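Structure first, commentary second.
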Amino acid sequence: MSEVKKSASTGLRGTSAGATALCTVGKEGAGLTYRGYDVRDLAASTSFEEVAHLLLYGELPTRTQLDGYIKRLQGLRDLPAALKAVLEQIPADAHPMDVMRTGCSMLGNLETEADFSQQLDVVDRMLAVFPSIITYWYRYSHDGVRIDPVTDDVSVGGHFLHLLHGKPASQLHADVMNTSLILYAEHEFNASTFTARVCASTLSDMHSCITGAIGSLRGPLHGGANEAAMEMLERWSDPDEAEQAILGMLERKDKIMGFGHAIYRTSDPRNAVIKEWSRKLADEVGDTTLFPVSERVDEVMWREKKLFPNADFYHASAYHFMGIPTKLFTPIFVMSRLTGWAAHVMEQRENNRIIRPSADYTGPELRPVPPIAERG
Ligand SMILES: CC(=O)SCCNC(=O)CCNC(=O)[C@H](O)C(C)(C)COP(=O)(O)OP(=O)(O)OC[C@H]1O[C@@H](n2cnc3c(N)ncnc32)[C@H](O)[C@@H]1OP(=O)(O)O
Ligand SMILES: O=C([O-])CC(=O)C(=O)O
């Protein structure tokens, strides 16, 4: 990748790029709501499947609707043979986000969204099959096993852990996954969602919108920060070592992954929730290193820079404690954010105008094209 240069541009910060009824971010500096519900309330009392229904179908489901929805998703978990064949071609050292991107794109070839009346069916299929895509590839490329991607687990998160570890998840782990998927589900006009909406605004198909969004989420300044945070935290064996290293990084003006936010100014409301689950998991595994190191980094960042952990930071330790390989962290984000992306694509389609901003030209003035012999 080319060297990253600091840009003088505003990155559209503070510019409204459209309307949405799905989500508010940063209201009162720190709030987050999905269709009017506080994300912390949703995380405390609902399942991810209820939140998916809320985002995609407009309301929290009744008990009967939820039972029907779960059954429907359970019935859509199998992978087409042609998709399995493609996944088997992808090498073990590929990045799992590239596998997600290819898996989604291939699904679009096999089960193309022929017209927008199919949009909800197409999205439900993706919701059910994304955990199957990533774990089928992972287990085949790493363990040489062709897994059966169908389980009768009730939850998307439990299903994912079951396929990954080859055994049903404990209640604690299924609960953590459930919370994590709720926290990551939706976040207004973040970079990957905006990517999906720009693609939707050309009247493109759902698989193209989601494939583009996956590519956008992959970067370490966005969803990739949970992996990058884990890689950083793993380097330190105690809090004092971590503190010295962080001070050095700040001195060198390095970015500390999992900290800061484009919209929130004082805290990310998702952080406190996932931090407590991470603490519980640390107790469960008897951790005496990773969680204390994470907390020290958190303290130092606030003391030195008034920067706070975003949703990604404690997700790193939480996922690690559940035995999830670091490279699979961002694909979990995909399994969840798919719901927000798709809800935005559908909202864009409802009231569409092609998204096409202007640019401030900074190139040369108009000039004649020189003949080739006169160039150089
Ligand atoms: C789920 C998610 O996608 S959450 C985001 C995940 N991404 C990360 O964790 C990556 C690390 N964080 C960052 O790179 C940034 O904070 C972003 C990309 C999230 C937001 O970027 P911006 O909106 O440009 O940040 P912001 O304008 O608040 O930055 C203010 C200052 O704090 C610094 N800063 C912001 N975040 C960090 C950080 N994580 N480490 C060190 N310094 C930071 C900036 O460099 C800037 O300093 P400057 O004024 O000297 O140039
Ligand atoms: O909103 C953002 O810029 C990034 C973020 O936290 C998310 O997408 O969850």
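Glycine is no exception: its Cβ is also placed from the backbone N, Cα and C atoms.
Unlike curated records, TrEMBL annotations are generated automatically.
Features reported for this protein in TrEMBL:
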- HIS261: active site (ACT_SITE)
- ASP312: active site (ACT_SITE)
Spatial separation of ASP312 (active site) from HIS261 (active site) - C-alpha basis, Å: 11
Local Cβ density at HIS261 (active site) - other Cβ atoms counted within 10 Å: 20
Which same-chain residues, if any, lie at least 6 apart from ASP312 (active site) yet have Cβ under 8 Å of it: GLY223, ALA225, ASN226, ALA229, MET257, GLY258
